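Asker: Dropping a structure here in structure tokens format, bear with me for questions.
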Amino acid sequence: MPPAPKNGSAANAWRSERNARPREVWRAIVPKNLMADDTTRRLLAVAGQLQTLLFQIELLKRCDPEVLVKRALRAKIKHNALMVLYLHSRLAGDLAAQAAHRLTVGIYCLWMWLRRACSEAAALANEIDTYATYRDKDRFFSATMNLSPGGTCRLHSLVGLSLYGRTQDVTRELGLINDAENLLKQINYCHLIVSTESAEAALVGVDEFLTATVGGGMVASPETYDHTQPCCICLDELSVTANQGDTIYKRLGYSVCDHLVKQVKVNVTPDDVLRHMPFLNSVDANTLRGAIDKLRGSSGGEVGGGRRLAGVVPTGCRAEVGRSEQEDGAPAGDDRADLEHEARASRILDSYDVFTEAPGPVYRLSELRYWLASGKAAGAKTRGSCAHATHQATVLQKLDTDLSAMFARAETFERECRSAEREIFGTSFAHFHRHVASKIASVRGVGGGGEALIDKLLAGSPATAPEAEIETLISSCYSHHMSLPLFSRLGNPEKADTDALVEILKSYRDQTRPRADKAGGRAEDGAGDCDDEGYPGAADATRRGQRDWIGRVRVDTAAVADEHEDKVKKLLDRAERDLTTRRKNYAERLSARSFSNLDRCVKNQRAELEKLLRVNVYGAALPAMYVELKNGFLARQAFMKAVTSDESQHIRRCRLAREDVEGYEQHQYVRSALMRTSLDPAALPHLASRFYELVSGPMFRRHVERFPQPPNTSLYFTVENVGLLPHLKEELASFTRTYAHAEWMVSEFREFYDFSGISGVSETQRAAYAYIREAVFAAALFESIFQCGRAKLMRADSVEVDAGGPLLTDGIYLTFEERFPLIAIWGVGEDRRLCATSVVVTEKDLYAVLYAVLHKQDK
């Protein structure tokens, strides 16, 4: 095709010729990849618009219905609802056909959002009309927010799953998206004993639940998920990271799932909210400017400029101001008490000498004084940098004090918003959070202050971003821990010394008080011998201590001190230096370890806190899991439809009757030949890998990825994600360790993959494993004995499917369907489709289908 002219009459002629060409010609001219890219772009644009509409609908549900009725929004909402219905009429047929053929994550999300947008937009438009008639806000919010007490919760549904054999149907209740994820993993594990029809019915229920949750838009409601339950991606991540000696299950217990719903950092300031107040676009500019000027004059500052209204000082701010004023003033009472304790201790110690029998508390007091004196110099240097304020409040009181300023800002912001609305619009809007504020406050009042505090944190506020709440809570956590005695001693050693001094003085006082009581009539004399502080017994103890237990007379201690002053001073200096070094090293090591543990603990709790308070949006993990599992059963369904369809021209041979004498002879011929030859034990590892490939679920196909992993990895994730019991995992691992014919040859004539008479999920699953093991071992022996080529075993749910159907190759397919478990195909065309020369043999006997493969050239 010649290039398009740039301009002139030739360009016009070229455009006319282009428009005259039929669409099929243009499809032939335009490359397919360009058409696919254009379609993808269009679908992404539609998906983005649907997601935006769903988010706006969620906002309008919480808006004052008077605004929706009086202003032009009512017509716009109905217009959007009609546009969504138009899109549904144009796309629903193709999307439904695509969902029944093969899915991608993008197509499935678009299909979910389109269905949900139709129902939500129509419901909102109807409720607005109802409110325009009855003017009942309670009714409007109850209907839009699904708060009716007698109504059914759309987030609770029952999903049933039928299994092979006499096993009763399994029923699961879906209330959280975690429940849906667990059910998908369970179906993935039990795919060997689930028919296509049963899986399709169960997946329809899961699809409806996902449409009601994930299909509702971006933001995930807190009642739809539980971040403490790990998902399959959590297990995958922990499987490739260092375990630090802990088991995978212990580490999963401490994990915070961020895959089903992903947290998003939202830093919105009150200025941003005020700057983007709703409905301002419809307000006249002069009216808006005049209202802003009036609000500035009444508040004494800028509206939305970060300043508070004049005269409003939050409770928490007043507490901080009072605390700072107290710190800037005279020394606190605690410091004066410390000085008094030290003076009293000095007077008590001075009343005892080597000739005086001192009680036990005095010795402890002397030792403490020694340690205090040796560490005094180091303590004086670190007093200013390590001192911390002592918090006397309880944890909740301290937390409430720290958060009061933040809550006060939210209340002030709410008052400013109401003032702005009254000034601009003439009324204050009764949005959802304001309409139910009194009810929420009454519920909070029943639980007490602690529950009200937690409720405020979880509910949040337009004036406070989640990040600000998180930082405030973390700061409060550090402040609380630093106020504990352990960290106070690490941060301020002198505080620990003072506490020990007080304890020793108290103990000494308790021991000396009984002596003063026994004095009786000598109380007045004893009072005269008290020290200046009135400490009883000090002077009396001095008089009674003139002679000790060996009868030594008091000596002149001053002369002794003068004689040995130099030696003692050198010894004390050396001991003090050594002691200072040891204390410093010990304190540094203990402080580093303690603060490291505290930081690690706070870091772990911070992850929990961030997940709880941040805005969470639905991730792509759950839709991707649904798509992978659904595509597996869709591939099995497409395969069965292709080989059993009457429209195909291939040769079909269906052998299912048990009265077939010829088939029985074929069965006996192959079975007898296999029983005369034993399996090579060296081939067991390879056969085990083939077994793992066939039994692993369609959701985890790690062995067929671009960078394939061993097949046992796929099976590992299949069984670990459902919490399979250890003895069942050991039994599954040992399935391929035996090679005796009597143990692995389990099927009789035309009874392959027959579960009649078997009940229980574990027993049915065990029988399916036994049948597949028999197929793997029999095919390997068949190849080695008859030398007729490879008897390739394949899975029907692993075939590639395109617009024309499944792409096949010659071999034996395991369908995992109880009615048609084995299908042998040969003679596939070059395009990997069934043609007139293709032969399809449907069997229920393993050895008869091997006989058919052996004689395929004769047929």
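Placement of Cβ uses the backbone N, Cα and C atoms for every residue, glycine included.
As listed in Swiss-Prot for this protein:
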BINDING   F782, E783, S784, I785, F786, Q787, C788, G789  ATP binding site
COMPBIAS  512-525  compositional bias 'Basic and acidic residues'
REGION    512-542  region 'Disordered'
ZN_FING   231-259  zinc finger
Asker: Using a 10 Å cut-off, grab the number of neighbouring Cβ atoms around the Cβ of Q787 (ATP binding site), all chains included.
Answerer: 7
Asker: Need one number: mean pLDDT over the zinc finger (231-259).
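Answerer: 87, rounded to a whole number.
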Asker: Taking the recorded ATP site as F782, E783, S784, I785, F786, Q787, C788, G789, identify the other residues of that chain whose CB atom sits within 8 Å of the mean position of the site's CB atoms, giving them in sequence order.
Answerer: A791, L854
Asker: If H, G and I count as helix, E and B as strand, and all else as coil, what does DSSP give for E783 (ATP binding site)?
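Answerer: Going by the DSSP assignment, E783 (ATP binding site) falls within a helical segment, counted as helix.
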Asker: Can you count helix, strand and coil residues in the zinc finger (231-259) using DSSP?
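Answerer: So the counts come to 14 helix, 0 strand, 15 coil.
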Asker: Among F782, F786, all listed as binding-site residues, which has the most CB atoms within 10 Å of its CB?
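Answerer: Within the set of binding-site residues, the most crowded position is F782.
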Asker: Counting across all protein chains present, how many other Cβ atoms fall within 10 Å of the Cβ of I785 (ATP binding site)?
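Answerer: 14, counting other Cβ atoms within 10 Å of I785 (ATP binding site).
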Asker: E783 (ATP binding site) has how many other Cβ neighbours within 10 Å of its own Cβ?
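Answerer: I count 15 other Cβ atoms within 10 Å of it.
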Asker: Please report the number of other Cβ atoms within 10 Å of the Cβ of G789 (ATP binding site).
Answerer: 12
